[in-house]
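The region 'Phosphopantothenoylcysteine decarboxylase' annotation in TrEMBL covers 1-189. The feature domain 'Flavoprotein' is assigned by TrEMBL to 5-176. Residues annotated as transmembrane segment in TrEMBL: 7-28. The active site, proton donor feature in TrEMBL is assigned to Cys157. The domain 'DNA/pantothenate metabolism flavoprotein C-terminal' annotation in TrEMBL covers 185-392. Feature annotation from TrEMBL assigns region 'Phosphopantothenate--cysteine ligase' to 190-394. Under the heading CTP binding site, TrEMBL lists Asp278, Lys288, Phe323, Lys337, Lys341.
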Amino acid sequence: MLKGKTVLLGVTGSIAAYKIAGLASMLVKQGAKVHVLMTENATNFINPITFESLTGNKCLVDTFDRNFEFSVEHVALAKQADVVMVAPASANVIGKIAHGIADDMLTTTIMACRCRKIIAPAMNTNMYENPILQDNLEICRGYGMEVIDPACGYLACGDIGAGKMPEPEVLYQYILREAGYPKDLAGKKILVTAGPTREAMDPVRYITNHSTGKMGYAIARVAAYRGAQVTLVSGPVDMAPPLFADVVAVESARQMFEAVTSRSREQDIIIKAAAVADYRPASVGTEKIKKKDSDLSIALERTDDILGWLGSHRREGQFLCGFSMETQNMLENSRAKLKKKHIDMIVANNLKVEGAGFGTDTNLVTIITEKMEKELPMMSKEEVADSLLSEICG
Ligand code: CTP
């Protein structure tokens, strides 16, 4: 998604500067052209040669370096840039950016850039909380720059508090959102469900399935990258919540039903990737079920079919997409679900095919609507999410 995009990374003097090597490497692996600009102070924390080796481009520090390719290098670079990220951004450089001071390669280039600028402050908590710094960040926001909240944690100075630079993976997602995708879902509200549900038997045990939530989380991430306002209703999974979505955590099918149906009316698109339990224990003991010598049978009752409910209560113009996981007669069974639930699209996959289904990072799916059937090649779940959203956008 970042293939051919030009990313400028501005690195300032903070202990977190070394982590930007990881970010530069991630971006290069995704095909981005990466140029690193450093302040003089930053070179005390990481050697420019590290960035030059990773990006294949000269690392720019001094505006008056005589050894350059372009005649006015900061302007030439600024013109090529699709996005600029200043990370870690020191209080000093944030102050300069906020007030238009351009006295080195980094700040001069930023002044000359028309593309979006993203700032990731990293400093001691007291500096971060200083009203002067906060005012400067507000000024930057006012000029349309994006400011990433620092993480809380143990800081290099020994304090614990806000001021830590977010991890490179987080910074990478901000760049991806800015430069990696068209914003063709801007203005759309999308609700995605993901993960399994847990149906309690007693305070200790529950019935669930093998869903890891990876497919639904990928859809939520990509929909947000493409500009949608995303709500993710998630069953219990072992993943960090996606950055740019409102996450509603649920456990049982009943809770998922309530979370989805109470929000469904305002949604333009609903994608139900969750593996919702079809049955739950008919009664839930308040005390732990103790074992006996004899076998045990548990009576199960049907859960509500959330997608079925959405199909029969849909708002005019709303798009409904379900998922169908099968081990046999995949297409036939999936087409039947499309009809029975009165939905627009169903994404079918066969659990028995290698690389598809639960827990994998790839998927092999067939997209089915009333009018068409399209088998996608094996691809990453993010690519499946992207193709699926493109189909929905028509
Ligand atoms: N679904 C739902 N509510 C349920 C069960 C499933 O909304 N109680 C949704 C899933 O999120 C998915 C689709 O319905 O989008 C799956 O359809 P379904 O017929 O329930 O599939 P299976 O559970 O696989 O059905 P079966 O066991 O009959 O194959």
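Yeah, the Cβs are placed from backbone N, Cα and C, and that goes for glycine too.
What TrEMBL annotates, mapped onto the structure for a quick look.
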residue : record                    : DSSP (3 states)
Cys157  : active site, proton donor : coil
Asp278  : CTP binding site          : coil
Lys288  : CTP binding site          : coil
Phe323  : CTP binding site          : strand
Lys337  : CTP binding site          : helix
Whole-number Å only: compute the distance from the Cα of Lys337 (CTP binding site) to the Cα of Cys157 (active site, proton donor).
58
Identify, among the binding-site residues Lys288, Lys337, Lys341, the residue whose Cβ has the fewest other Cβ atoms within 10 Å in this structure.
Lys288
Among residues Asp278, Lys288, Phe323, Lys337, Lys341 annotated as binding CTP, what is the maximum Cα-Cα distance? Answer in Å.
37
Cys157, Asp278, Phe323: which of these recorded positions has the highest Cβ count within 10 Å of its own Cβ?
Phe323
Could you tell me the C-alpha distance between Lys288 (CTP binding site) and the residue listed as 'active site, proton donor' in angstrom, no decimals?
49
Out of Asp278, Phe323, Lys341, the binding-site residues in the record, which is closest to Cys157 (active site, proton donor) when you go by Cα distance?
Phe323
